[in-house]
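Colleague: Here TrEMBL flags 1-32 as signal peptide. Summarising the annotation, TrEMBL assigns domain 'Bacterial repeat' to 92-135, 352-393. The feature repeat 'Cell wall-binding' is assigned by TrEMBL to 419-438, 439-458, 459-478, 479-498, 541-560, 561-580, 581-600, 601-620, 621-640.
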């Protein structure tokens, strides 16, 4: 289930106790007072701050430990301070440009061109700063909305429509001015040369102010009214913006219902949503927190139904409720008797140095199902319930057994310490490096080679790696030289791989690697007549044979064939090496084409859409040729001419001469 959180209100407004102008899904505009203090040194370690501007309101502020903001007229050296500019009471054509250090004693004045994010470290001396204004500005007019500028992680709404050229601003939309039965779709530029970053965003569409006036308009789409009794409808835009308290919906859009805690009847618990007008299916009608539905093409009226209930709260966590459709409802503060309520521990609420111990009942007569679990349920009684999380000093639990991270795996003993070297774990040998990580693959340990599989297990006996055979003794050591294994003798080279089908110091090992006491010759053989090939049994092969990735043909007497080869009326060509030829072949100045099967081609031949003609002898044809009653022309490289003139004669698209 998706959770949403409330957006924090700008702390500046709260600290100064001033008015706060809120815009849909935006932060606040803080009306700070202008200061032109010219106070001299107040105490030994405190110096005065003067912030001035010919128009607008300016101030210097500090952030207190509790997050509040207060206006300052003096400060101690080293203190972090911030500057604020509000574009109220501005003269026509003027706009904020940047902050200027009049005394030149600020070493870290940052974000000088920011209305609200410029900061500096207080020096050991008086500070004098002024806001520089500029006439190099443009007027930006926004239909059904206005402009904002970035303020930390939030935004500040501009009161003036005049903005300095080159500054980045964002658009915000005022839902209250939306025409009847319409909904916001996207912004568009009515006049001016600007590029909107995200026209579909109500709240975060940015652009750079150009050196000309700009008009921004709104494109709407058809919508229908939504009336929610004791609740409200909300939806999420494709860009992730969450729009709440909406009174209209676009057909086909995913919408959500949420109970309004301020209009809920006192002492009543939410029961379910009921559609009183319109035809729509509610996907989770028992969820007070988030009931989804698809907006239909008609007006809707939906009401929240309630039943008598009692207050329920969780100290150190949040509440949820099991719904009839086996889903969950979150942040329950009033529940009906018989409801299954869950207490869910919040990790960020656990005191430092402590860990969750168990739940206890602070008020009410209830039985907790599993009080030692961080998620514990109980049945709501006919009275108020308060469940409290208790804690105990944090004890670091020893991690034993197999562990892993992005570097690999290791094994901790019963004391929680990682092991190193050879370790026998559950009857299997592993090897761990000095840093504790389990090793895999070939490892040279103590002068011997071992092979550890991908899971770290030491291998013994026969080992096949990509078709290459090795033999590892019972202790895992790789074997070399002559070794008797299972009644046969094998030879392993210095790198451990087994010899096969070869002679080793006068002794022959067959294809399986076993020593043969009375060997027969296998592989390629030759004499004064020619070449032949013996199989592993020492017998010569005949007919077609695929050897080393190449096709050869051996006659009935076993001798390898070369040159032209006629088999059942089909011609092949075998090179002097005996290898069957494919593709284009030039023999004595004549071109032939052999298919991938080695067969010599005759007649018409199409290669990649290009036509050739091969005589019955296989020879590629060139020049004018009569074929099947038509005359064709073939260029010097053999390809047929088509749809062109040849020496005053025309050949059509099929290549035939047109008389």
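Positions of Cβ are set from backbone N, Cα and C atoms, glycine also.
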Colleague: Using DSSP, tally how many residues of the repeat 'Cell wall-binding' (459-478) sit in helix, strand and coil.
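Modeller: Helix/strand/coil tally for the repeat 'Cell wall-binding' (459-478): 0 helix, 11 strand, 9 coil.
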Colleague: What residues in the same chain, six or more past the boundaries of the repeat 'Cell wall-binding' (439-458), come closer than 8 Å to it by Cβ-Cβ distance?
Modeller: 409, 428-433, 465, 470, 472, 476-478, 496
Colleague: With DSSP, how much of the domain 'Bacterial repeat' (92-135) is helix, how much strand and how much coil, in residues?
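Modeller: Per DSSP, the residues of the domain 'Bacterial repeat' (92-135) fall into 0 helix, 20 strand, 24 coil.
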Colleague: For the domain 'Bacterial repeat' (352-393), what's the model's average pLDDT?
Modeller: 95
Colleague: State the residues, same chain only, that lie 6 or more residues beyond the ends of the repeat 'Cell wall-binding' (581-600) and have a CB under 8 A from a CB inside it; answer 'none' if no residue qualifies.
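Modeller: Distant Cβ neighbours of the repeat 'Cell wall-binding' (581-600) are 551, 570-575, 607, 612, 614, 618-620, 638.
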Colleague: Going by DSSP assignments with H, G and I as helix and E and B as strand, what are the residue counts for the repeat 'Cell wall-binding' (581-600)?
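Modeller: Helix/strand/coil tally for the repeat 'Cell wall-binding' (581-600): 0 helix, 11 strand, 9 coil.
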Colleague: So which residues does the repeat 'Cell wall-binding' (479-498) touch in its own chain, when a touch means Cβ under 8 Å and the partner is 6 or more beyond its ends?
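Modeller: Sequence-distant neighbours of the repeat 'Cell wall-binding' (479-498): 449, 468-473, 504, 507, 509, 513-515.
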